[in-house]
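Input: a single structure, listed below in structure tokens.
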Amino acid sequence: MLRRSDPDSPTYGHHYTKDQIRDLFSPTDESILRVRQWLVASGIPEGKITVSQTKSWVNFEASIGRLEQLLNAKYHVYDNLVTRTEHFGTDEYYLPEDLAVHIDFVLPGTAFSRFHQGGVDLKKRKLGLTGTKSRPLRPPLCWELPKADFLGSLADCYNQITPACIKAMYNIPQARLAHPSNKLGIYELNGDAYVQSDLDMFTKLYAPYVPPGTAPLVHNIDGSNGTSEDPDMVRQKAGSESMLDFEMVVPIIYPQGTVLYSVPYPDPKPGIFNLFLDALDGSYCDRTSHGYTGDTPKIDGVYPMRDCGTLAATNVISISYGFPEFMYPARYEYLERQCDEWMKLALAGITVVVASGDNGVAGNTNACLGKLKNIFVPDAVSSCPYVTSVGSTVLPPHKRPGDQETATTSFSSGGGFSNIFKTPSYQKRAVADHLFYFNPGYPSYNTSRGQIPKNGGIYNAQGRGFPDLSANGDNSAVITNGIAWLGGGTSQAAPIIAAMFNLVNEERLAANKSTIGFVNPMLYKHPEIFNDIRVGKQDKGGLYDNGCGNDGFQCGQGWDPVTGLGTPD
């Protein structure tokens, strides 16, 4: 994939077909046979063993006692005050050495895969965590905008970011083409509705060249309902997140179209992305065992309507949601498998753009890990090496488009290093340079797959660094429920970057070229195309409102874990 994403490679842009991707990820017949033989030899009846249609899962039925004997493990129920859930799993399990190469992971295992809703008296686990509630969204930070301040000029961009400001700041030309296959997809949750009248009001004020009624193609996944015009429902569900995303994107890419991918999560869970990935890749949700087909229900939810491979992915997908790595009940195995799905999209020539979060190194729980609550919290989606993570910048007071931005100051741009994924090859030099020249002075550790050593370190110096780049994420004009607001967050920045990628794809398609696909190798190979952000830090967020008892990471020359490579030039 890296060869096909390297602009200097002769295979650049030669994306995989669906059949090629399926064959690439399917296990061999030998692997399936070896696992079945082992189970039968261990006393599991042949009739209790099934294989999913995609050959990704070998499922079997056994008692807890037999499972413990099979894996040389001891199973427990683990309580977690943070998620207020009970997790069924084991501290460790063992596989025969000759079989381990054929098995990714076992569920239930150290993955803590099965959830049972807990009561209010859950016992504290040994994670050094207290009752901190997860904040899975990248919430736009909104305050009402006086009607007299609706418009303004480019000289006022530091007070109010409009589509004209964004285009001037990043030298974005007016879109002129609309290839029928080039739409920008935006991922949203069911509880945050898209409202057409809000977009029409916004474009009338700020982008009058967009005709009223310009609307996304709506894909309601698994029975979701992501739009609303009913007055009562609008008041209940009108989404500041949805409207911020679409109001950032539409004025930039019009006449190119948009697609709304709505998933049914009014109460978000760590599995908020799996239903979406199921809909794009049927093999991901095809786990069949004893009359049950689908994902792990206590993680991913259970819905009467299922979409498995029913939708096509757009060339660019913008996501403004996320959970921290440590909140995932299946730890590294669940996230590695999910990251493979993002990689499949990259192989197919699809660009996935993700907001990095608004709490600096504290992550979306707004708190850090460990007994001292000082271990940094990376984001689970941004940390996958196959997505493009976007941080946030701000135009300082009395500055105009073209002047230097800084990292946001009203909140901290999310960033840091994964505890699960190692530094990918395309960013190794950039990460090494930052840690050498701008070492934060904090004790670090080296790890992967989520195991945090007890050596006093507070971040993983060998992890995948994020964000990859940034865009403006503060003081944007937004209209929600008919009211004009100023909003912000990396939720503002990510769709701006996604829109710019969509414009590039439009030009490439017009020239009979392929889509840009996975862009990270190109971005890191050409840092000169960015405005380097050298001022700012992550001193907001966390229990102390200063990260994890410190200022987090700081901006510096070149890539940094606050604003990435910088903003587009």
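Each residue, glycine too, has its Cβ placed from N, Cα and C.
TrEMBL has this to say about the protein:
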type: ACT_SITE; residues: E241; note: active site, charge relay system
type: ACT_SITE; residues: D245; note: active site, charge relay system
type: ACT_SITE; residues: S491; note: active site, charge relay system
type: BINDING; residues: D532, I533, G558, D560; note: Ca(2+) binding site
type: DOMAIN; residues: 160-569; note: domain 'Peptidase S53'
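Distances between the Cα of D245 (active site, charge relay system) and those of the recorded positions S491, D532, G558, D560 are shortest for S491. Ranked by how many other Cβ atoms sit within 10 Å of their Cβ, the active-site residues E241, D245 place E241 at the bottom. Annotation for D560 (Ca(2+) binding site): spatial neighbours G415, H434, F438, I533, F553, Q554, criterion Cβ-Cβ under 8 Å with sequence separation of six or more.
Each residue in F530, R534, C555, G556, Q557, W559, T563, G564, L565, G566 lies on the same chain as D532, I533, G558, D560 and has a C-beta within 8 Å of the C-beta centroid of that Ca(2+) site, without being one of the site residues. Note on the domain 'Peptidase S53' (160-569): its mean pLDDT in the predicted model is 89.
Here S491 (active site, charge relay system) is compared against the recorded positions E241, D532, G558, and the shortest C-alpha distance is to E241. Using a 10 Å radius centred on the Cβ of S491 (active site, charge relay system) and all shown protein chains, the other Cβ atoms total 29. Sequence-distant contacts (6 or more apart, same chain, Cβ under 8 Å) of D532 (Ca(2+) binding site) comprise Q557, G558, L565, G566. Mapped onto three states, the DSSP output places D560 (Ca(2+) binding site) in strand.
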